[in-house]
Amino acid sequence: MLPSAPFTHILQVQAVHVFQGDQEVNKREHHTDRYYNPRLIVRRGQPFHIQIDFNRRYNPEKDQFWVEFIIGRYPQQNKGTYIPVPLVQELKSGEWGAKITRNDDSSVSLTIISAPNCIVGKFRFYVAVLTSYGIIRTKRNPETDTYILFNPWCPEDAVFLDDEREREEYVLNDLGVVFHGDINNIRTRSWNYGQFEEGILDACLYLMDRAELDLSGRGNPVKVGRIGAAVINAKDDDGVIVGSWDNVYDYGVAPSAWTGSVDILLEYHSSKKSVRYGQCWVFAGVFNTCKNYHCWNEAWMTRPDLPVGFGGWQVVDSTPQETSDGMYRCGPTSVQAVKHGHACFQFDTPFVYAEINSDVVYSVARRNGSRQVEQVDKTSIGKLVLTKEVGGDGMKDITEQYKFQEGTEEERLALETALMYVVKKAATQEVVQQEENDVDMDFQVEDAILGSDFKVIVTFQNKSHNHYTVKAYLSGNIVFYTGVQKSEFKKHTFNETLEPVKSKTVEVLIQSSEYMSQLLEQASLHFFVTVRVDETQKILARQKSTVLQIPKLHIKVPGEKSVGKEMTITVEFTNPLKQNLSNVWLRLDGPGLLRGTTKMFRELPTNSSLTWEEKCIRRRPGARKLISSLSCDALRHVYGELDVEIKTSA
């Protein structure tokens, strides 16, 4: 506090300017100008600028002042939560410092640099002046609060990424793509990460508070990534999202209805209660703010806890599958460690290795209780690992970053290394090579639209000069996208006679009435065909998954699309099913255009259409994307999206 008498000779702070505006120098230089947040947001290890107005001219020979950054309730200098920044002649990378760049009249301009390993979070800012009466600090002023973030542009930061195109993609792009379906039918949908939207930065920092991550650990990306993998799911710590895979979503939102992370994070931050519901792509999408398929995240960081060469991309997975150190989480796991089979390296490398290197074993249960392995499929698991391409919405195949090509010497060595570190593949190692069959069997599933009939086409090939009789059984199952069976909807048994050195085709009709009443939200079906050759008693088995084609929403934005001008957004959908739809929920999201909004239609008869209009005013020019989803009990995973170019007003 100041003494009661007006001692004008004492240097006193009149005002502090932190240049936190979107168009001001700090946010532009630190790539934080897209945040809808009125406070100063900077990245660690990089200089930023402030101005201090005093009551008189600052005299460096007589006056002494410094700036302070404080975080947490009990700040301590040795824990990095109380940071007095000294005035220096020259700024040094790697440590805090402040340099006077201008001293005119009663104003002083400072360039400040933070340490590249400092705590990431929201700091309180003060100016301290040393006087004969003691230290006089500025009053608490929320308008000078400063967010300090990780810095992929800083070579000394553990998250440094040296490719500008990749920084644009992985740091500044607020839209992503989720790939789903199966290996033969890959589908895409956009996801709004929304990291720049109002309130999201505070919501993300709240997650570290909720996870009770010690402040001193919040500058370490390994610790932040590991705690993030736990707090995103609600399995054991009341985290962000409640997982549900049973197709019952009462008192919540179906996973397929979400269009992005914004609504989820804001709801969690405001209610302090877990949000219902999510599945793996929702966990991954929120964690990013990528079974028949599974989604996870990667984070770029150094790994000083591992040998040289195992930094870079790290797997972090928040979908609750297995516990790790007592909590449902996975990672950070070095992608290089996974590829080379170094299952001893922390964290959770054996689990990730098994996710993409497992075998499918076909075995027959004998009457005496034993099992005979008939066939081992070494290639169907981990066939394709995809991510979004840099600078576009297409697919980038990164499978070879996770595993060597099947059958190569490198793949064999990686497997042997993993086995040495107790990753088990016992069935593969103990299988006795089976004799080659005289009869081959395979089948194909026709592409089909949801609600239509289609065929499963089974083909037999008799390679011998003998006549054979086969007994075949086809099983059709409704499955979750993870590959787990919900129910069997189709049973079909048939016998066929095979002529020598000839092939034969059998078509099995699948009617929509057989599967529609039980279908899950991703319209995933799994077929299993088992064949016994009577004369040789040989067993043949094949399995395949298919995803039915789901109708799309149509989005239109007619007329002028300029900054400051009102736009009308129209969402349209026609019900293609042979049944009426009830309680149809539509969701519309447009990062940088409009905040996510919803609308419900009570009834949509078969072959009828709905139209929904929303209006918005664009705040900034540039390319944007509108995303919409439709969800009801009978129909889910219905999406639509539209790219929109907003022009500068004339």
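Positions of Cβ are set from backbone N, Cα and C atoms, glycine also.
Bear in mind that TrEMBL entries carry predicted annotations, made automatically and left uncurated.
The domain 'Transglutaminase-like' annotation in TrEMBL covers 272-320. The annotation active site is assigned in TrEMBL to Cys280, His294, Asp317. The feature Ca(2+) binding site is assigned by TrEMBL to Asn357, Asp359, Glu406, Glu411.
Features per TrEMBL, on structure.
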residue	record	Cβ within 10 Å
Cys280	active site	25
Asp317	active site	30
Asn357	Ca(2+) binding site	21
Asp359	Ca(2+) binding site	14
Glu406	Ca(2+) binding site	12
Glu411	Ca(2+) binding site	17
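Sitting within 8 Å of the Cβ centre of Asn357, Asp359, Glu406, Glu411, and not among those site residues for Ca(2+), are the Cβ atoms of Lys378, Thr379, Ile381, Gly382, Lys403, Leu415. Spatially, by CA atoms, the binding-site residues Asn357, Asp359, Glu411 include one closest to Cys280 (active site), and that is Asn357.
Residue pair Glu411 (Ca(2+) binding site) / Asp317 (active site) shows a Cα separation of 24 Å. In the three-state DSSP scheme, Asn357 (Ca(2+) binding site) falls into the helix class. If you measure from the Cα atom of Asn357 (Ca(2+) binding site) to that of Asp317 (active site), you get 17 Å. The average per-residue pLDDT of the prediction over the domain 'Transglutaminase-like' (272-320) is 85, rounded to a whole number. Here the CA atom of Asp317 (active site) lies 22 Å from the CA atom of Asp359 (Ca(2+) binding site).
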